[in-house]
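Please read the structure below before turning to the comments.
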Amino acid sequence: MGIHLGEIGIVLFPWFLWLSLFLSCGYAAITISSPLTLGQTLSSPGGFYELGFFSPNNSQNQYVGIWFKKITPRVVVWVANREKPITTPVANLTISRNGSLILLDSSKNVVWSTRRPSISNKCHAKLLDTGNLVIVDDVSENLLWQSFENPGDTMLPYSSLMYNLATGEKRVLSSWKSHTDPSPGDFVVRLTPQVPAQIVTMRGSSVYKRSGPWAKTGFTGVPLMDESYTSPFSLSQDVGNGTGLFSYLQRSSELTRVIITSEGYLKTFRYNGTGWVLDFITPANLCDLYGACGPFGLCVTSNPTKCKCMKGFVPKYKEEWKRGNMTSGCMRRTELSCQANLSTKTQGKGVDVFYRLANVKPPDLYEYASFVDADQCHQGCLSNCSCSAFAYITGIGCLLWNHELIDTIRYSVGGEFLSIRLASSELAGSRRTKIIVGSISLSIFVILAFGSYKYWRYRAKQNVGPTWAFFNNSQDSWKNGLEPQEISGLTFFEMNTIRAATNNFNVSNKLGQGGFGPVYKGTLSDKKDIAVKRLSSSSGQGTEEFMNEIKLISKLQHRNLVRLLGCCIDGEEKLLIYEFLVNKSLDTFLFDLTLKLQIDWPKRFNIIQGVSRGLLYLHRDSCMRVIHRDLKVSNILLDDKMNPKISDFGLARMFQGTQHQDNTRKVVGTLGYMSPEYAWTGMFSEKSDIYAFGVLLLEIISGKKISSFCCGEEGKTLLGHAWECWLETGGVDLLDEDISSSCSPVEVEVARCVQIGLLCIQQQAVDRPNIAQVVTMMTSATDLPRPKQPLFALQIQDQESVVSVSKSVNHVTQTEIYGR
């Protein structure tokens, strides 16, 4: 009467088949009886998107999210429980009894829900090929809820932003708090109810960036969206019902996305089959920041960007403008006459006129007027004494400004025409002024030419070659090289303020000795701590490097870059004031036998990732391409949470447009970190920084200095030792032995970092990865290229040194080495 094994197999086979299909293919839908649990995923029918649990940066926090299924590294496009992560080992995403989608922890507590109950629980949740998670009624197949109506930081094709003034409903994008924290951050992207509408990025309650009004096919504040641009977006407004909808359409077969980053950048990406290509980024320069030049100020997108007053206006507070603070803007030089109801044909003396400004982004605070043509628009503004400007824009019609003109940008190409109201005397005197200025200029030129000729004749008679001398009667005149528009938002400190803060540069306040001078801790009167870099006269950092550091850092904003608060100039004294970082520099911990134990492998890996993100910002994501040229362990500062910040930009260089490399007659940097092509030919590029990053990476892993490491009888350098470790054990043995036993690191992670470091220090620049590839290598599990044996530098003395080489075109003529 027993059951044969064959019969058992026949009975159980369908169940095993169902189970294997379930585990391999993922859920088709989520129902009351089939919840989604940790470790399981729900895929879209075409396999484009996937829903499941994920943990940012391998933390203990678990989130339910949607990501691109077949793309590595993972790109999360939506998070359900972004404000409340799961911290228990068990969790379920299921349909509740009232038809809501709910997330339960191990105690059956509701962590997150859709908060929109349906009529019944006869429904299911599924993921569409658009990336939209939907709840569908089993009977009517109507959509009861969808994730596209509750966006996070990302827009996908077929999603939208909206507002409804009657109900108060709005659909916005909100940034993550950080790269590893999906909770709502500082930035929100929303559609405004203005007519016509525009897209604004808010930082808290303040406008951070705006697109300009929508003109049928694009935004007037985005020059890229010209007449030839095929827009993937559409915008519709129903003014009567108080609604607006901004939709993202699918224009190609490529995967695309729009994201607001935790740093406030709005970016558009497309996937080309091998990686994500950045198509658009804003803000791209200082002019993109809202109201950078204040009311009636004009931000000019030249190189570099700069502020100026509109025609007929002057700085409101001249001293503030000289100090680089333009946010107060400009005021009229001549008050308006404002004689209303006069036609342009009968204008006489004293009647207001309009000055036409081309290639501009229309200012904010505009009002739509239903005039049928440009002439009516002109007359409508002229007849209204409070109207300060007008514009008649194709695709919009007439816009009027009855307030201050704020956030106006002038482009080199593109943009609109803006007519500004001025007193008639502002234009009447312009022709007369040109004649006077031209006459004076011609007279001065003739006088100088005659004087130069007489001087040349005199020197010829004396048989002495011409000598040019430039005299400077002001000890601070070099400061004029700092154009105010280049250092907007920077504070100029008085010397007595800094002396008081640092206790007159007391030795007890000294934090350390940098390459260009000592660094002191200071405390301002408001109890704010600062770090003061005091440049010594013999430091080697002259006026050029000092001005370079001020101009450069003031334009860069990233969580992994040190923040410049201001500077102080007093005679020959030059000081830079930075944010104070309590843990000083990385070398303080890394090379100290006791302190190094505080930075175990997880902390070191976090530091490596932070530095790579900072370098990615410099090379790719900032408003300019920046080559640091002196990346090293002592230039990595640590905050109170051991997050790294790249510092010391005195030697950095900026690239514009498509420029990828440059050379210099003066090779500057630190021995051991300089790439071969830079050290011997002066040629530098992004790959020069990559080489230095590779050395830095190996130092962080090993806990050894590049300048003092010596191994074996052959005296191998750190690079040579790293190469041998990689050949023998995959690089695991390179890890600092003082932490290798205590922190039980993931060997695969260490080995991967060693291999990345070796790829970065390849002899030929073309063999090194770029920083975007480095970041991808660190965050993915794909196979890495095999590195070639690097060129190992000769062992150098136990002292970190900065080298400055002045070279001719074909050979090195002089080398000077300074202690760093």
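Every residue, even glycine, has its Cβ placed from backbone N, Cα and C.
Per Swiss-Prot, the annotated N-linked glycosylation site among residues N57, N472 corresponds to N57. The record in Swiss-Prot pairs C307 in a disulfide bond with C293, which is drawn from C293, C309. Listed in Swiss-Prot as the disulfide partner of C377, from the options C338, C385, C387, C398, is C398. Annotated by Swiss-Prot as region 'CaM-binding', the relevant range among 594-611, 612-629, 738-755, 792-809 is 594-611.
The recorded disulfide partner of C387, taken from Swiss-Prot and restricted to C381, C385, is C381.
Here the domain 'PAN' (338-422) is broken down by DSSP into helix, strand and coil counts: 12 helix, 32 strand, 41 coil. Sparsest Cβ environment among the glycosylation sites N57, N241, N325, N384 (other Cβ atoms counted within 10 Å): N241.
For the region 'CaM-binding' (594-611), the DSSP-based tally of helix, strand and coil residues reads 15 helix, 0 strand, 3 coil. In space, N325 is the closest of the recorded positions N92, N98, N325, Q513, V519 to N384 (N-linked glycosylation site), judged by Cα positions. Secondary structure from DSSP puts N241 (N-linked glycosylation site) in coil.
Once Cβ contacts within 10 Å are tallied over all protein chains shown, the recorded positions N92, N98, N272, Q513 are led by N92. Ranked by Cβ neighbours within 10 A across all protein chains shown, the recorded positions C287, C299, C377, C387, V519 are led by C299. Comparing Cα positions, V519 (ATP binding site) lies closest to N325 out of the recorded positions N57, N241, C287, N325, C377.
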